[in-house]
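This report concerns only the one structure given below.
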Amino acid sequence: MRGGRRRNRSFTLKGLAIAAGCLALTVSGSFAQEGIETFEIGLSTNTISISSDFTGARLVVFGALDNADAKLLRQQRYDIVVVLVGPRSPAVVREKERTFGLWINRGSETFDAVPGSYALAATRPLADIARQELRQRLSLGIADLRLDSATTTGAFGQPAPEKPEEAKGQVNVSLAERRAKAAQDAGASPPGADIVTVDDYAEALKRIRQAKGLYNQSVGAVQFVSPTLFRADLYLPADLPTGTHMARAYLFRSGVFIRESSEPLYVRKSGFESYIDDMATRYGALYGVAAVLLAIFTGWFGRLVFKRD
Amino acid sequence: MNLYLPIAEISLNVFVLVGMGAAVGFISGLFGVGGGFLITPLLIFYNIPPAVAVATGANQVIAASFSGALAHYRRGTVDLRLGTVLLIGGLFGSLAGVLLFTLLRRLGQLDLVVSLLYVVFLGGIGGLMLVESVQSILKSRSQGSGEVRRPGQHSWVHGLPLKMRFHRSKLYVSIIPVLLLGFLIGILAGIMGVGGGFIAVPAMIYLLRVPTSVVIGTSLFQIIFTAAATTILQAATNRTVDVVLAFLLMLGGVIGAQFGTQAGRKLRGDQLRALLALLVLAVGLRLGYELVVTPVERFTITLPTGEIG
């Protein structure tokens, strides 16, 4: 209901009646797809090659929205959100605490599947497009992005498998654990229920990745070029992770999620860089020997060129 | 001119990297240290992931030391026998160091341990050397050659069994402290990405009483192999050696080293030691400051293995 009220604020008087109708739809409607709209997207490229001069890129996502209700379209009641989610991988977030005057990593939290990058473009601010619980369900927007939190541990991380007893002996209660305990003592909701909203570690992860440009979102970057065609501009940073990214477009009609369409994007290193990376991954020791020989040759060659004694 | 580094996965300026190599190479040639203790922190300040900086630093150290060692060999200031004994200890230490590196990284305490090691070793050695060399300079204003060596004076080191004669160094000592010193240098090489010259040089001068002129060449000789072992082990286990980055650093390094070696011959032993002491102390203080000052961002993100994700 909060979302509905906020939407009403932007309405003109003329649109009030329709707004009321939409609101009813939001409240009563299940998420059954009663719409007849069809929705497809295409990428300006389906492979991005990272070469030695890669300094970031723009990805244009084109989309077609057919069989849309002309009246609703005119009133801009359709909203589109386009995201590009990078390959997911596990991540550990650690927190430094002052200990005997030194800043030392103490608490940590492990996340199972964190997107390496996340770029979002939307027609309007996300809060105006969908209610928070819907955004959470769709894992839409940086604030509501799911990271699949796994475990919270004390200092020294999860015990190393080979020496568990040694590591266990040094576990200290982390700040996060103490906070969680304090919250429980205060009679707050049990952990897990709204852990996402109070998790400092998840917040920090998003904040750091946002500062690096890996996570970004821009409102107004989705625009209709014709009544049925739209385009979205996504910003891809210089240190874009390699792997399979997924471009997803979400269609909303008056705050109701209608459908989504997705398309993969392959990001790979190209040329010399990819060759080096491949060698380092597949033949680690051999690569190391080659690196040593290169160093010795360079040192020897330097002597030859600069013979000064 | 920016270049994408395949393993560090970051795009950086080529000229800055070559310049960095040249500056460190000069110091390396001047003092007979590999320069690893300077290059690793410099790379980290330039946004290269610490793990890559450590492994690549070890690789670049090979070129600089090889070049420098060649120059010393021509002048007959390398004690191959002493260097080989040090090396045997060093190879075992290097293996232990890389294993420790992998373990600490998984526990999230690598950065702390590296910084503490730097602060303790650099601070301690730098302080001792500074006091000694300043005394020596003051004393030898009127007479003397600026050598530490005082005939007839023996320390506890000289009372150990398994003695061996090192002609070049005019020494007759037990191989136990030499092997131990090599082992310690190897561990540091593995964890800190340094050749260990900054430990080896003062230890040989003060503990074993090797003449300063021989110390530098011997230290460089020993560093080549310790750093080579570290590079291969890091490449095989952690996949963190960036050849492109290392090559750029080497290029600058070999040029700088030639000038450094030349400059070194114009300075007296005690002056050289005083300068090295100041440099070592400065790096130690810089790292110590970082442990104490409140960080801008208390949280860090890594992969579960400890790699920067």
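The count begins at 1 with the first shown residue.
Every residue, even glycine, has its Cβ placed from backbone N, Cα and C.
Residues annotated as transmembrane segment in TrEMBL: B:12-45 (among others). With a threshold of 8 Å between CB atoms, the same-chain residues lying at least 6 positions outside the transmembrane segment (B:12-45) that come near it are 1-3, 5, 52-54, 56-58, 60-61, 64-65, 67-68, 71-72, 118, 122, 189, 192-198, 201, 215-217, 219-220, 223, 227, 245, 248-264, 267, 272, 275-276, 279-280, 283, 286-287.
With a cut-off of 8 Å between Cβ atoms, the residues of this chain six or more beyond the transmembrane segment (B:51-73) that come close are 7-8, 21, 24-25, 28-29, 32, 34-36, 39-40, 43-44, 101, 105, 110, 114, 189, 191-195, 197, 216-217, 220-221, 223-224, 227-228, 230-231, 234-235, 238, 240-243, 245-246, 249-250, 253-254, 256-258, 260-261, 306-308. Residues or ranges marked as transmembrane segment by TrEMBL: B:51-73 (among others).
Annotated transmembrane segment per TrEMBL: B:85-104 (among others), in sequence order.
Summarising the annotation, TrEMBL assigns transmembrane segment to B:110-131 (among others).
When Cβ-Cβ distances below 8 Å are used as the criterion, the transmembrane segment (B:171-201) is approached by residues 28, 31-37, 39-40, 53-58, 61, 65, 82, 85-101, 104, 110, 113-114, 117-118, 121-122, 125, 157-158, 160-165, 207-210, 215-216, 219-220, 222-224, 226-227, 229-230, 233-234, 276, 280 of the same chain, each at least six residues removed from its ends. Marked as transmembrane segment by TrEMBL: B:171-201 (among others).
For B:213-233 (among others), the entry in TrEMBL reads transmembrane segment.
Under the heading transmembrane segment, TrEMBL lists B:240-260 (among others).
The transmembrane segment annotation in TrEMBL covers B:272-289 (among others).
By number of Cβ pairs under 8 Å, the transmembrane segment (B:85-104) is matched best by B:213-233 from the list B:110-131, B:213-233, B:272-289. Away from its own ends, the transmembrane segment (B:110-131) comes close to residues 37, 41, 50-51, 54, 101, 104, 188, 191-192, 198-199, 202, 206, 273-274, 276-281, 283-285, 287-288, 290-291, 306 of its chain (Cβ-Cβ under 8 Å, at least six residues beyond either end).
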